[in-house]
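Annotated in TrEMBL:
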- 6-25: transmembrane segment (TRANSMEM)
- 46-65: transmembrane segment (TRANSMEM)
- 85-103: transmembrane segment (TRANSMEM)
- 124-149: transmembrane segment (TRANSMEM)
- 161-180: transmembrane segment (TRANSMEM)
- 187-209: transmembrane segment (TRANSMEM)
- 255-274: transmembrane segment (TRANSMEM)
- 295-320: transmembrane segment (TRANSMEM)
- 414-441: transmembrane segment (TRANSMEM)
- 494-511: transmembrane segment (TRANSMEM)
- 546-566: transmembrane segment (TRANSMEM)
- 587-605: transmembrane segment (TRANSMEM)
Amino acid sequence: MGYLVDIIVFVAFVAAVLFVGMYKSKGEDTHGETGASDYFLAGRGLSWWLIGFSLIAANISAEQFVGMSGQGAGFEGLSVSSWEWIAAITLVVVAFVLLPYFLKTGITTIPEFLEVRYNHWARLVMTLSMTLILVGVSLIGVIYAGAITMTKLFHEFGMEVSLPMACWILGGLAAGYVAVGGLKACAWADLLQGSALILGGAIITYFAFHKLGITDISSLVSATGEAATVDASAGAMERFNALNESAMHMDTPAMPWHILLIGIWIPNFYYWGLNQYITQRILGSASLGDGQKGLVLAAGMKLIIPFIIVIPGIIAFNLFTSEMEESANIDAGGSVFSVYEAATADLANNKVFTLDKKYVASHPEKALEITAFNNAVVARVGADKVVTEAINPYKYDSAMGLLITKLIPRNKGVLGFVIAALLGAIISSLAAVLNAASTLFTMDVYQRYIRPKASQFEFVTFGRVCIGVFVVIGCVVAPKLVEFKSIFEFIQSFQGYVSTGILAVFIYGLLNRTSGKWAGVIGIVANAVIYFYMQRYHADDFHFLHSMSICLGAVLIILFVYGLIFKAPRVEFHTTTTMDMTTSKPALMWGLGVCALTVALYVIFW
């Protein structure tokens with residue numbers, strides 16, 4: 001009975017989210033003239049505050065909570081926040097540069113814009129690529145990561161849930177309310193789940209600082225891996241600053257300054273401006289002003305995210321270094337050094353080992369031992385014949401789990417709320433993926449090529465069938481992800497083959513309105529070829545974001561040359577919507593404020 005209050009809070013919150021989502025969408029007329037628009041785009045009636053919270057809820061899931069806090073605990077430190085803070089500026093640019101084009105043309109999906117600018121083949125290529133990525137990578141990955149997190153957290157309640165069962169629970173909950181209510185159900189559920197996400201992160205941050213302030217200094221470890229050298233009378237913030245000075249910088253080897261020039265902007269603009277998974281919310285805006293204000297609200301919240309996810313991760317390393325080491329050994333089946341120990345007994349061994357730098361700082365004797373072993377191997381077999389293997393004695397990704405299980409009080413309702421917030425984040429992301437994938441396949445394939453004259457109700461019904469099919473695929477494949485690892489990694493790498501090319505053809509299509517109609521297909525295909533070459537022959541030579549920069553530049557040059565040779569009548573983006581297309585001046589003012597604050601954060605933490 002020690003968790004009764006937490007269980008009640010957890011169940012009540014999940015039930016409330018599902019009820020609100022379904023209740024708010026019950027008035028949709030899927031049989032009427034605008035049935036498909038009502039279902040897939042919430043009748044183009046989303047208010048700015050719904051859009052803002054829905055964008056955050058769709059974006060942040062279990063893997064972000066676990067991954068970003070783990071990266072904060074590891075070598076990246078605060079620098080991993082660049083993904084959030086650059087996204088803030090990206091959202092503002094999308095609001096005032098891309099969104100007006102999308103809303104004035106009345107498109108339902110982002111690929112549809114490529115048909116307006118180029119031809120239907122460009123739309124089809126982008127649709128099929130994005131659907132494959134959404135179902136084959138995002139859906140399966142989120143279900144798998146979410147189910148892993150769910151099984152561990154439910155274990156805290158004394159409930160043992162198998163991985164397959166967790167997959168079906170998550171998939172069923174997400175598919176249930178999105179199939180019934182469409183985007184409107186997603187948006188209203190996201191309002192609750194997005195709010196809970198921010199509050200849950202703030203709760204974890206509070207308890208992390210509280211624990212840091214009362215823990216005996218001798219038990220703390222600095223961000224470099226060395227013993228703490230701070231006065232015992234110091235408060236939580238003073239301890240944090242003293243222990244983590246090295247982790248509180250934005251320019252690190254993992255996130256070097258030069259990727260901020262071009263590379264990091266490419267996936268950001270693709271994700272926030274061209275990814276149906278995200279943009280479906282702003283395409284459902286009640287007006288241009290609502291869309292812009294919603295995007296700026298999301299941008300403001302992106303500035304907060306690192307302080308409630310990354311900072312707690314940094315503190316987790318200060319507090320729970322030994323527990324992270326224990327988790328790594330458990331995952332290794334006994335000891336992370338077992339491979340090294342086996343190599344020392346193998347006279348034919350050609351392996352050398354790298355050791356986690358934080359571990360080196362706290363275990364210099366072990367580091368010297370491994371260095372001596374490596375030198376002996378190189379001397380014996382030659383530097384060109386050695387194989388390097390990394391030894392990672394700390395499981396950094398356990399940071400968030402350790403914070404929750406060791407710091408959040410039991411049977412007060414707080415633990416139940418935090419776990420519900422994390423579960424809500426998973427379900428929101430799943431619902432967003434399912435809604436986007438079904439919209440793409442219904443509107444860009446079924447309506448465009450198979451049944452263009454079908455009724456609105458038929459389109460909605462087909463979309464619901466797609467949701468069912470997609471979630472079954474996800475729930476069946478996700479538990480077997482290890483078995484399908486090679487296939488999954490191939491499909492995951494496929495995203496790089498399309499995202500940069502899609503961004504390039506959008507940039508070019510907006511800047512050059514008179515090039516030939518095949519520029520869209522050529523740009524997407526050319527990027528795939530160039531990216532394949534980069535991955536095949538230069539994967540180890542460039543940071544992956546630099547590879548994306550090279551691909552973007554090369555594709556734009558190809559399109560520029562194509563545009564000089566092949567001309568077409570100038571394309572005009574005619575207004576086909578009746579919504580208010582007035583730019584929001586308050587949103588512009590606040591958007592500029594967000595950009596200025598982002599720059600200030602970089603100056604402070606550089």
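Glycine is no exception: its Cβ is also placed from the backbone N, Cα and C atoms.
Ranked by Cβ pairs under 8 Å to the transmembrane segment (85-103), the stretches 124-149, 255-274, 546-566 are led by 255-274. Outside the transmembrane segment (295-320) by six or more residues, the chain places 48-49, 51-53, 55-56, 60, 64-65, 68-74, 77-78, 80-81, 84-85, 87-89, 91-92, 94-95, 99, 198, 201-202, 204-205, 208-209, 211-212, 215, 219-223, 228, 239-240, 243-244, 247-248, 282, 358, 394, 396, 398-400, 402-403, 406, 587, 590-591, 594, 597-598, 601 with a CB less than 8 A from a CB of the stretch. Under the criterion of 3 or more C-beta pairs below 8 Å, with sequence separation of 6 or more, the transmembrane segment (161-180) and the transmembrane segment (414-441) qualify as touching. For the transmembrane segment (187-209), the neighbouring stretch richest in Cβ pairs under 8 Å, chosen from 6-25, 255-274, 414-441, is 414-441. When Cβ distances are compared across the two stretches, the transmembrane segment (124-149) makes contact with the transmembrane segment (414-441), since 3 or more pairs at least 6 residues apart fall below 8 angstroms.
Sequence-distant residue pairs (6 or more apart) of the transmembrane segment (46-65) and the transmembrane segment (414-441) include at least 3 whose Cβ atoms are under 8 Å, placing the two stretches in contact. Tertiary proximity for the transmembrane segment (6-25) is limited to same-chain residues at least six positions away from its ends with a CB under 8 Å from its CB atoms, namely 42, 157, 173, 176-177, 180-182, 184-186, 188-189, 191-193, 196, 410-417, 419-421, 423-424, 427. Taking Cβ pairs closer than 8 Å, the transmembrane segment (255-274) reaches residues 76, 79-80, 82-83, 86-87, 90-91, 93-94, 98, 110, 499-500, 502-503, 506, 543, 545-546, 548-549, 552 in its own chain, all 6 or more past its ends.
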